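Enquirer: Before anything else, here's the structure in question.
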């Protein structure tokens, strides 16, 4: 069980409802500090959060997840002045724009990877940190394909691949930073957006999404925090229809186990070979 009490949490996101609702739940967990790096400033939301737990310190920065990594470092240098250290980094920025592939990939995947690369030295127990947890909030269409949101699905598949790779014991045993992902099912706020299919053939299906059954952002947020509290390095969760389900991971490449064992073997063992 991962106890959030007294933890310093950094949440990188857009202005979507899941991020705000997740922060509301986090504020009930007696966290010490909350750093919010959002694409749009929302003073009313910050006031709502502060009212939940006045003793928790909240800091806010307007943050563009698609910025260059050197610019990100300047932001996180400021974050560290206020936070001292980061226990939990949550990556939640997301964009579904099938007509703008570059922005979709840069927001959902490239920006998330650059953020992780920027923040990891501050969390790495062999560098500036004391270990911690990275949580990548992604989508169920990163596990199964979406014929209508092809670019969005591809970016979310990338998040899963990056998460599983970064969670490898090769890193975790040295830096002490666990990495996990939560795949959210459709929420009402998502389907209410003006969405366009990758190809026009799929638009009728996109339009039907508006009346499809889906979960509330509030329920989804509660399950994201529940997954964090059950954190184990490398785990992937599904938060959908009000439920939280652990994904059963599988190796498809028949050489994968042999390659991983070779990578983790000692240099002495390799010399003997």
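Every residue number used here counts from 1 along the chain in the order it is shown.
Using N, Cα and C of the backbone, Cβ positions are placed for all residues, glycine too.
Under the heading active site, proton acceptor, Swiss-Prot lists 152, citing sequence analysis as support. As annotated by Swiss-Prot, NAD(+) binding site applies to 11-34. Look at Swiss-Prot and you will find 139 tagged as substrate binding site, backed by similarity to another entry.
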Enquirer: Could you measure between residue 26 (NAD(+) binding site) and the residue listed as 'active site, proton acceptor' for me? Cα positions, answer in whole angstrom.
Expert: 27
Enquirer: Specify the nearest of the binding-site residues 17, 20, 23, 32 to residue 152 (active site, proton acceptor), where nearness means the distance between Cα atoms.
Expert: 17
Enquirer: Per DSSP, to which secondary structure element type does residue 11 (NAD(+) binding site) belong, with helix, strand and coil as the options?
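Expert: Looking at the DSSP assignment, residue 11 (NAD(+) binding site) belongs to a strand.
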Enquirer: Measuring CB to CB from residue 23 (NAD(+) binding site), give everything in the same chain under 8 Å that is also at least six residues away in sequence.
Expert: 11, 34, 36, 45, 49
Enquirer: Any same-chain residues 6+ apart from residue 14 (NAD(+) binding site) with CB under 8 Å of its CB? Would you list them in sequence order, or say none?
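Expert: Listed in sequence order, they are 38, 39, 40, 65, 92, 93, 94, 95, 107.
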Enquirer: May I ask which residues of the same chain, at least 6 positions away in sequence, place their Cβ under 8 angstroms from the Cβ of residue 32 (NAD(+) binding site)?
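Expert: Same-chain residues close to residue 32 (NAD(+) binding site) (Cβ under 8 Å, separated by 6 or more) are 6, 7, 8, 56, 57.
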Enquirer: Going by C-alpha positions, which of the binding-site residues (17, 20, 29) is nearest the residue listed as 'substrate binding site'?
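Expert: That would be 17, nearest by Cα distance.
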Enquirer: Given a 10 Å Cβ-Cβ cut-off, pick out the one of the binding-site residues 20, 26 that has the most other Cβ atoms nearby.
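Expert: Buried the deepest by this measure is 26.
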